[in-house]
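Lifted from TrEMBL, the feature list:
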DOMAIN    11-130  domain 'Gfo/Idh/MocA-like oxidoreductase N-terminal'
DOMAIN    140-257  domain 'GFO/IDH/MocA-like oxidoreductase'
Ligand SMILES: NC(=O)c1ccc[n+]([C@@H]2O[C@H](COP(=O)([O-])OP(=O)(O)OC[C@H]3O[C@@H](n4cnc5c(N)ncnc54)[C@H](OP(=O)(O)O)[C@@H]3O)[C@@H](O)[C@H]2O)c1
């Protein structure tokens, strides 16, 4: 019989879906002493993926069937790394087998799916968290501390864009509606998440516009948010045009520039004519911080993370539901 999580010193992880982002997870995992990788499942590339990590993980169990991974008693927790459209079904598969789940962003494609996952996790005493890696990075901890110290007074305006240019291929996962493509769900989630980190209070108004492309998904979308007590965010995302990934925060006594705001390492604080630059890098892929948090919560018997609770994911996905409803953009079932 397996020991309960509270009697273990490491979480035995499995990976479901071995595409591009799963590599970031595997490469960061050795940096987390409380995490071990014991199994992977891929329908298309199980042997090829696991073969790349044979030196680090010679005893990996390799499945071509996700249900076998979900049913493996040697696996405590599963990282879901398939495309957005599959997150709900794959997370549900694992939760119903009593596995803890860390699921890539967006955790689901709508709020209703997330509520169902949350309820299932509670019923099975399982931990559930969205793998929105930005939240856990040292650069974000540094930024949060600076804001708590009010180094630029009250933040009143935030600007952040996340635009990349993907290949002009209707099958690309960001353009394909069957894979829940579109800029909002894949990229827009980052500035929306960032605005919630910066303001950390109730959202009182949200508007958006989108350019829907020939495949039926949003290729360029922009969002205007207003938070209680003053605080505006002007945000955008795009999978057709590349933009700088710099966030600009304007406060009553200065400004902050966050380079690569979705994984920041460099933060410039400007007050008057003075600029102070904080360098807050991280080793490897940076996924070690979310793995560390999830592993810590699981070993401590927590149902959710305090850093990225389900309510926070629910707020973000509900906002994205609202925007998509305004644009008339829905995904196939
Ligand atoms: N945190 C981050 O920085 C970050 C960055 C990129 C992506 N992501 C998230 O990670 C998730 C996966 O993204 P990715 O770039 O890794 O995707 P990907 O490489 O295109 O696909 C990931 C896996 O999904 C399955 N899959 C993909 N297309 C499929 C299809 N048409 N039919 C059936 N299965 C399919 C495959 O699983 P098998 O291995 O089983 O075949 C594939 O290996 C997305 O939800 C994305 O939002 C996060």
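Including glycine, each Cβ sits where the backbone N, Cα and C put it.
Predicted-model confidence for the domain 'Gfo/Idh/MocA-like oxidoreductase N-terminal' (11-130) is 98, expressed as mean pLDDT. Using DSSP to sort the residues of the domain 'GFO/IDH/MocA-like oxidoreductase' (140-257) gives these counts of helix, strand and coil: 29 helix, 44 strand, 45 coil.
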